Amino acid sequence: MTQFFSVADVDNLSQLVDEALQLKSNPFAAENLGKRKTLGLVFLNPSLRTRLSTQKAAIHLGMDVMVMNMDKEGWALETKDGVVMDGNTVEHIREAAAVMGQYCDILGLRSFPKLQDREEDYSEGLFRKFIDYCKVPVISLESATRHPLQSLTDLITIREYWQETIRPPKVVLAWAPHIKALPQAVPNSFAEWMCRAQAEGMVNFTIAHPKGYALAEEFTDGADLIHSLDEAIKGADFVYVKNWSSYEDYGKIHPVEGKWMIDSSRLALTNGAKVMHCLPVRRDLELASEVLDGPDALVIQEAGNRVWAAQAVLKRMLEQLQEK
Amino acid sequence: MTQFFSVADVDNLSQLVDEALQLKSNPFAAENLGKRKTLGLVFLNPSLRTRLSTQKAAIHLGMDVMVMNMDKEGWALETKDGVVMDGNTVEHIREAAAVMGQYCDILGLRSFPKLQDREEDYSEGLFRKFIDYCKVPVISLESATRHPLQSLTDLITIREYWQETIRPPKVVLAWAPHIKALPQAVPNSFAEWMCRAQAEGMVNFTIAHPKGYALAEEFTDGADLIHSLDEAIKGADFVYVKNWSSYEDYGKIHPVEGKWMIDSSRLALTNGAKVMHCLPVRRDLELASEVLDGPDALVIQEAGNRVWAAQAVLKRMLEQLQEK
Amino acid sequence: MTQFFSVADVDNLSQLVDEALQLKSNPFAAENLGKRKTLGLVFLNPSLRTRLSTQKAAIHLGMDVMVMNMDKEGWALETKDGVVMDGNTVEHIREAAAVMGQYCDILGLRSFPKLQDREEDYSEGLFRKFIDYCKVPVISLESATRHPLQSLTDLITIREYWQETIRPPKVVLAWAPHIKALPQAVPNSFAEWMCRAQAEGMVNFTIAHPKGYALAEEFTDGADLIHSLDEAIKGADFVYVKNWSSYEDYGKIHPVEGKWMIDSSRLALTNGAKVMHCLPVRRDLELASEVLDGPDALVIQEAGNRVWAAQAVLKRMLEQLQEK
């Protein structure tokens, strides 16, 4: 594995999930694999879970970790080519990426979308340039349109909590309210991974969202798309709660009809569903406190599993570096 | 030891001080104790000494350290329960603490008071919630009302520089001027620890402050309280200089009568006292440069001892984790 | 070596360059030398290359590294003596340096000039005080007037890419345009190192800059000073591109006559010169994209060599610590 940017970078999904769960049961099994290797984590946007869990995963593998908060400790990067750099940007992504590739064996990058120009965000230009120029394996710590470490974590968590073998679980991605315009990266990515998992017989996948909040089709191929939350979550085994802004009217928030927040009474419509969220979650706006504090919430366990997702991916990358 | 928040968390004060001094003479004696254990240091406020010394202490014990500057690299945390989170706070302490507990074996937390609502600050709500929700041992890196690593350091330093066995040293906490309203955490904590040390025959303890600057009674039980600096420091063996804002008229600064800054001529009233300060110190405002640069100042040695205080506490916590 | 502040701190220039190149071919040759030693990197200004490369170098030597971004995570330091600290500065450099020296075996410090008072900047007061008060070996991560790790890197890179033994290469420091007033630290330091290298027969050194941009004489002793870029670069083997603000009219930018940016057609005047720049570089303002993206640019390799420069210096300091 030389990049981890989308589900397409994973050859065998089920195997990667299994490997992550094996690492969970034996975190230090490969503690010499990453010896003398350095992981650089580059953040153009803030991070809590992603930074700490990926750092922890690297430690388990014996790697050294260097964290670079470019937004706080660094300076503005230019991403466009053919621009005379006489403005606010101090360094071009071409040089910045290439230089960081000189110092690190594997790089992670986080970069949020600006939510102003859909084409620009969805081209993933910054991320692709970073991969091109740094010349080392790159792991996405969330890009403009995807958050694959979160999605792998989610699939790990679903497998961990679904022991039944007769049928795959019904998984519902449920849009939730918010006061800010959030990226589509987490729901895009979750949908992309669940559609792949569905194609491999691991889950049945439904998406519920208000009209005007459809995700880009490239991510939802094969999913049931429903505009009624109550109808969608009927019989659900897992409900994945997440807000996102409009893809159609790009980056905007529209007033929605009806109530979209999940509380205990609504949860009663499901098949005793476990409730997931990538965090941070705004209590009683996105999701009721009574659910978050109740026995069906998996959000903390899910966050804990971020370590094993990152560790499984880093392990693959290190193994490939070793083969060279 | 599963928490280090106040002197009440220490069973045997003298033993802990001895252990710290043993670690000082042999820093790497327990360098395998913390192997494969991760310390997470969470800062909601800036730190220099506390961060570096605690990180160094953890390194001596073989631990991995992850630092999270939530104020700079993260986002605003909600601490109140029952609030609809539709404002500026992005994540609730319930989730943030629980998640960090998933990634770390021991957590440290720094959180200053807001100095606006005394009841809120003195309830230590944020800190207690953090302890409750993270589910791992927590070491205070300074909370709203206490700074126990500093106080332990201070006691270590006093023992190190007081070799006489006939009588315990006279220790004076001396209020000093400042231009800003500072928390009472350091003086509260110093008083709390010195009162305990006095009860165990290790020191004689006096507090000198202008009228209107009395600390909360819960911290000063058994101390001599004097409103004249000159009278208080007579015969002192250690003078601990520190400013704090009013507890009574909470968080306010009152004009004070007379001069409260300690300089060389004033120091002549003592019994050749050593002068201490937790740092940072404002020269010639809180304390005269001539004292800081003279032979009686212990402030640098005191700061150096922060390592051994942190290491003694972390060692206790690691030993307890091992027993599990 | 107990300080690395200028070329004067290096006894044998050629030997240090050779040692760096040996480390490049065997990065972990001395991986136990820094065991149980801590490097503290203190930044009063942002850093990308310097921080990551020095951190990486320390890792290669087995050191632990603690990074302190005083500008972001800390507070304002007072550097003047005899000042009543009743303003914005929170801690004096005397205490801050001494305390950091308690926690670290070697310290690195970065501090840019303010470009307002030439005498103040060129006195290097802050840096010299830091060295005096911290009591441990100090490595400059760029000071007001010099950037010695960059200059050592540059000399390493020149040696690496100049295999000819019949004559030394012609090296030209070429002033380039910019929109901001930049420090003279990099060009001062480059000139200082190249003049020394020239004196030892390693290079022939020329400086090209517009009128009004002369560097301080103390740095340029023995260099050819030319005001025509085209004339200067004739026959050059290495062109080192860098902007700086005026030393004479201190910290100011003057309009310059003619074009000073190097592009491909201009490069044709040289002896197939390799092009260097310390980065970050503003494309098509300081240096043409076509050159940066072409086969003659060495900027990425040069940045990569920062690791070996830092490692050679740290190795010397560690060896000296060991002798004690």
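The chain as shown is numbered from 1 upward.
Even glycines carry a Cβ here, placed using N, Cα and C.
Model, not experiment: these values are computed from the prediction.
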- With B:E142, B:H178, B:R282 listed by TrEMBL as binding N(2)-succinyl-L-ornithine, identify the candidate in B:K211, B:K242, B:K252, B:K315 belonging to that site. B:K242
- Query: Can you tell which of the binding-site residues B:H178, B:K242, B:R282 lies nearest to B:H147 (carbamoyl phosphate binding site) in space, using Cα positions?
  - Reply: B:K242
- Message: Nearest by CA distance to B:H178 (N(2)-succinyl-L-ornithine binding site): which of the binding-site residues is it, out of B:R49, B:W75, B:L149, B:C278, B:R306?
- Response: B:C278
- Item | Residues satisfying Cβ distance under 8 Å from B:R49 (carbamoyl phosphate binding site), sequence separation of at least 6 | B:L279, B:A303, B:R306
- Among B:S47, B:W75, B:L149, B:C278, these being the binding-site residues, pick the one whose CA is nearest to that of B:E142 (N(2)-succinyl-L-ornithine binding site). B:L149
- Query: If you measure Cβ to Cβ, which of the binding-site residues B:R49, B:H178, B:K242, B:R282 are under 8 Å from chain C?
  - Reply: B:R49, B:R282
- Message: Restricting to the binding-site residues B:S47, B:W75, B:L149, B:C278, which ones have a CA within 10 Å of the CA of B:K242 (N(2)-succinyl-L-ornithine binding site)?
- Response: B:C278
- Task: List the Cα distance (Å, whole number) between B:S47 (carbamoyl phosphate binding site) and B:R282 (N(2)-succinyl-L-ornithine binding site).
- Result: 16
- In DSSP terms, helix, strand or coil for B:K242 (N(2)-succinyl-L-ornithine binding site)? strand
- Widest Cα pair spacing in Å over the listed carbamoyl phosphate contacts B:S47, B:L48, B:R49, B:T50, B:W75, B:R110, B:H147, B:P148, B:L149, B:Q150, B:C278, B:L279, B:R306 is 29
- Among the binding-site residues B:R49, B:W75, B:L149, B:K242, B:C278, B:R282, which sit with their Cβ under 8 Å from a Cβ of chain A? B:W75
